[in-house]
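Pulled from TrEMBL, these are the features on record:
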TRANSMEM  B:6-27  transmembrane segment
TRANSMEM  B:69-88  transmembrane segment
TRANSMEM  B:100-122  transmembrane segment
TRANSMEM  B:134-154  transmembrane segment
TRANSMEM  B:174-192  transmembrane segment
TRANSMEM  B:235-251  transmembrane segment
TRANSMEM  B:257-284  transmembrane segment
TRANSMEM  B:296-314  transmembrane segment
Amino acid sequence: MGLLRRIRTAGRVAEPAPPRPDEQVPQKARQLAGSAQVRCVDAGSCNGCEIEIAAAFNPVYDAERYGARLVASPRHADVALVTGPVTRNMAEPLRRTVAAMGEPRLVVAVGDCAIDCGEFAGGHGVEGAVADVVPVDLTVPGCPPEPAAIVAALRRVTGR
Amino acid sequence: MNAIGYVAVAGQVMAVVIGAPLLTGWMRQVRARLEGRAGPGPLQPWRDVRKLLRKEPITPVGTGPAFRAAPALLVATTVVAAALVPLLSTDTPVSAHADLIVVVALIALGTLALALAGLDTGTAFGGMGASREMTVASLVEPTLLLSVFALSIPAGTTNIPAIVSSAAHAPARLASPAGLLAIAALAVAILAETGRIPVDNPSTHLELTMIHEAMVLEYAGPDLALVELGAQMRLTLLLGLLSSLFAPWGIATSASWAALAVALALLAAKVLLLGAVLAAAEVFWAKVRLFRVPELLAGSFLLALLAVTASYFLNGAA
Ligand code: SF4
């Protein structure tokens, strides 16, 4: 009963949808037509980016309303959200994860670390940025990027 | 008569195939609204299917015929079951073959195909999901059979259309103790068979807690579209069967176009209502621990057994 009252008083917590981002939709994303299954790969991040990704899928930002959904297997996924600088031990798993995804597939580098190693540049365990290991289609800058920026990138992929 | 009968069969199959993703989308939407989300809209599962059909098919190295045949087999068994089960009309050209045991066996065949496919991938999670699915299935199939037997005793036959039409003419029978026990047992069995909370969580990302999802982790592209469509069709079919058995009002018992149209509208309304209730219940429930699942299913089997006993002693023996 307590839960029922909470549901009634909370009502709708999702923020009104911001206008659709007007940047170029990547060519490959056109074929997805409003539906993108997302697989997160932590290639060595500090987990700050993961927290923001989790926030992008919470009821307030609600990335699911634009057709993006987190899935459990790279085989089901169209989009890989890669965070963090790629560490030596994660370089091969990252390559394999992206290889396991069917075409058309997109790789989105989330966070400054994923784009140019950011905070961890020059670390002894760092292999390089994500683009050094797998081809990257979209980037989301920020340390960590705001959930709204992650949602905007996902909307460019789903086109909604 | 015959034309209407064939249209009824085609209508049932089309309603299940086209309606299944819509039902799933509707349930996700209800759930999203209760969680305070905006939700992607009820058409989203169809968008997912359309996208998956356009994707590149992948056959993982080392998989054999069981892996490749399972998606088609899952959908095919469900289509046949949808043609047999009385969803719109109890008077169709195939209704004489719509035996309860055939329908349950068809559903079990789909489950078995998917479990074999899970084993065939050779991954740890595939095998684990298959073993869990078969554990659940071995407890669920007898419950499905028994709970409908409770209704078949007063009707004197295991032919589902005959059970439904006799119940439609004597609705008081459904409110009897046997009927109520059978509803409860069948509802739990359907939750388990379709992998919903509290037995399995369809939206989990944790491989260790998966049952159904763990078997299909390796599917991609068009095969995945078939697997997802098959799972959604089974949910629609079983909810439709539940509503036909326990709320048979409006189902066409004679061959007429008007009755068929009314039956279609009422079927959609009943299944959507059941779906909304299920989605709302899932917001309130948590998944039970895997080792408690057999207790839950044994409980529902017991309810079904009581239903059969009550049905036999209270009105069947007369
Ligand atoms: S970008 Fe910032 S928050 Fe994200 S992994 Fe790197 S250091 Fe952490």
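Using N, Cα and C of the backbone, Cβ positions are placed for all residues, glycine too.
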Do the transmembrane segment (B:257-284) and the transmembrane segment (B:134-154) share at least 3 Cβ pairs under 8 Å, sequence separation 6 or more?
no
Checking distant contacts: for the transmembrane segment (B:134-154), what same-chain residues at least six beyond its ends satisfy Cβ-Cβ under 8 A?
100-101, 104, 107-108, 111-112, 115, 160, 163, 166-167, 170, 173, 178-179, 181-183, 185-186, 188-190, 192-193, 199-200, 211, 245, 293-294, 297-298, 300-301, 303-305, 307-308, 310-312, 315-316
Cβ contacts the transmembrane segment (B:69-88)/the transmembrane segment (B:296-314), at least three under 8 Å, sequence gap 6 or more:
no
Residues from the same chain, set at least six apart from the ends of the transmembrane segment (B:174-192), whose C-beta lies under 8 A from its own:
136, 139-140, 143-144, 146-148, 150-151, 153-154, 167, 198-200, 238-239, 242, 245-247, 278, 293, 296-297, 299-301, 303-304, 306-308, 310-311, 314-315
